[in-house]
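What follows is a short report on a single structure.
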């Protein structure tokens, strides 16, 4: 790919700092020719950043502050990199606010500017001042990527009609997220203290109100009445944990808080479940919403049927053959769906197989990487 258009990725969200946008950029960049990529990123911890950057096969230039803002000083530094590295594309890893520097990128010689959205722009679009910022970004970038049809519907008018909108959600590593063999599933369940026939519901996410772990706990008395040995596994950490633990007091024998697991342990736990459920619900008058929900897709890749919430883009991750959708605050309906699936192993197996096929066909990193390559390597319109 010697003729590749060279891309400068400008971002505050880059490893070793942990987070969703950081993972999104890291994994998308890994699908590209490393010689075509330069990253310009902020620095949260200089020592950790230096050690991490040495492991990469593309160049990373660090802004020596923990936050990069679209100031004249930052814009000047970015422009220097564009000129010195003969950059063709500038890709703002998160559109707001750094893509306010899109005009400077063009003036410095970049012929195409791409900016990615991740869902928080929905909130920006609802506030007059920040909505004006989105319109300025929309008038200066060439391509805006979005993670779900829901987020696009919510903020498209704020950005205006100038940019091309491209669907670019995260992919799933279908080589790591795979259905468990019977032996591996049994071993994971034994480690958790379960048998091969224990009904297991898993939820893997940050512990925050939007994700719906509280609704799952509230549904457990009805589930336990139908299946007394049913177990709910809550994987993850967050500020809502103490509230959830108090809520689970009366069902503590059937609810296990596993905390944040190592990556492979998380996958093993997910693949050992009978159902993955995260009944996400929109909160804060529409400001607190599920942009997409990659965990639903990871569960499907593991061959596990899914119960998703109605919030934001969550319903877009499943098909009628692979998962069910429920209003996250409707505990009675949630418990009904959980019991129906736990009582029907044939249906669960069919949904799991369909889920795996769905993710392989539509959501793998190979597919998403090709989509990004087309965006970056196509000539400006």
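Glycine is no exception: its Cβ is also placed from the backbone N, Cα and C atoms.
Counting only same-chain residues at least 6 apart in sequence, those with a Cβ under 8 Å from the Cβ of residue 211 (GDP-alpha-D-mannose binding site) are 203, 205, 278, 280, 290. The GDP-alpha-D-mannose binding site feature in Swiss-Prot is assigned to 206, 211, 261, 298; the stated evidence is experimental evidence.
Among the residues the record lists as binding GDP-alpha-D-mannose, namely 206, 211, 261, 298, the two farthest apart have Cα atoms separated by 18 Å. Classification of residue 261 (GDP-alpha-D-mannose binding site) by DSSP places it in coil, neither helical nor stranded. Over all protein chains present, the Cβ of residue 261 (GDP-alpha-D-mannose binding site) has 16 other Cβ atoms lying within 10 Å.
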